[in-house]
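Here is the structure we will look at.
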Amino acid sequence: MLMRPQGGSLTPGKDPGSPGEKPDPRRGARPSGEEPEPPGEEPDPQVRSPNPQERSPTPGEEPEPPGEEHEPPGGQARRPSRADTQGEARGALRQREPGVAAARPESPDSPSLLPPPPPGEATKKPTPCKRCRELVDKFNQGMVDTAKKNFGGGNTAWEEKTLSKYEFSEVRLLEIVEGLCGSSDFECNQLVEEHEEHLEAWWLQLKKKYPDLFEWFCVKTLKVCCSPGTYGPDCLACQGGSERPCSGNGLCSGDGSRQGDGTCQCHLGYQGPLCTDCTAGYFSALRNATHSVCTACDESCKTCTGPTSRDCSQCEAGWAREDGACVDVDECAAETPPCGDTQYCENVSGSFVCEECDPTCVGCTGKGPGHCKECVPGYAKESGQCTDVDECAHAGGICPRRNENCYNTPGSFVCVCPEGFEEAEDACVQTRPPGDEATEENPALPPSREDL
């Protein structure tokens, strides 16, 4: 089985303690009397074991920086061969602890794993079939992404001869599997850990015989899904058959999963156990042994035999039969108006709506001040519309106090003493000191409209 070492780097390895593994002479024997390490714990990677080839720095000599290594004699480091690179990747698919995501090198800047979702989200977890399908979709996308990875477009003949095995190699499998799950996707990583041997077996041995990974992996091997058109624990055929469930006019309950009861949930306009019958408002445009097509009736029909208003078997509410067809009833033309005194009626297809009259109207027959039956006080009909009356333009004046200014407002007026004057019993009396511009004969300018 291909493994990932605990350190996270892709190197060939064997399961710890596997038969035939020789002890590393560089580690040395454990001193007598030293307590063994607890099982399951690994030595701290930051603690370096003593190396007989290392020497302590002499007084005054600076120690070597950690992590640096001496080059071998000759001044040049050995360059890894292509065989070394491929050999490291082969057999390094994954080695994970149960239920833990793949180990990766950690850095101070690397984000911590996300906390588990709150208990309330447990009901939103996807079904096993959906998780399996999503994993297969990612695997298929990985195959697409790695299809031309090792072909650089140079010497095509050399590439085809030398690299063609990459298409079916464990190296490519490793690259695909490494991209299946994010580090925080616990369920995805757990699914891969539990079944990576199946994925490896399919890739190396069964891919040609079973080219459909979903069918082989999710349906036949894990048995968490069903083939399209089947449902339930035993993957029984849906109503109407697995080729065209529900006659193609509905959805089969549990289709493609190990759940549901196989009943049909019909699309709009269809009904019946196999979704072959038409509902009210629809008529059968085509029906034979394999297909049934229902088409909507005209809006004037409750039931019909064809697409026009003359094909109505029964008229819809708000429509009445006239000259062999269903026509709209004008409810607004009734002797008793259907709307209130401050509203007007507007006819629509098969019904009516009541709209509010213009504020200048006392009763109306339509929208706006031009359809008023009468005008509210302060307005009068002018050119067929209710228009504001300017009370301040009255010849004899309308304000009762002397020196008082009149200001017209929509539908009314106000009388206000000018600036520098104050109200008295029958006049506006000046309050400005002598010398100011305002006088009884020349009152101050009127206030702005906003001040009224």
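Note that Cβ sites are derived from N, Cα and C of the backbone, with glycine treated the same way.
In TrEMBL, annotation is done automatically, which means it is predicted and not curated.
The region 'Disordered' feature in TrEMBL is assigned to 1-129 (among others).
What TrEMBL lists as compositional bias 'Acidic residues' is 34-44.
Feature annotation from TrEMBL assigns domain 'EGF-like' to 234-276 (among others). When Cβ-Cβ distances below 8 Å are used as the criterion, the domain 'EGF-like' (234-276) is approached by residues 127-129, 219, 223-228, 282, 287, 290-292, 294-296 of the same chain, each at least six residues removed from its ends.
What TrEMBL lists as disulfide bond is Cys266-Cys275. Long-range neighbours of Cys275 (disulfide bond) (same chain, six or more residues apart, CB within less than 8 Å of its CB): Gly240, Cys246, Ser247, Asn249, Gly250, Cys264, Cys266, His267, Ser292.
Summarised as a single figure, the pLDDT of the domain 'EGF-like' (388-429) averages 88. Summarising the annotation, TrEMBL assigns domain 'EGF-like' to 388-429 (among others).
TrEMBL lists 428-452 (among others) with the feature region 'Disordered'.
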Cys266 (disulfide bond) CB neighbourhood, other CB atoms within 10 A: 20
The domain 'EGF-like' (388-429) - residue tally per DSSP class, helix then strand then coil: 3 helix, 18 strand, 21 coil
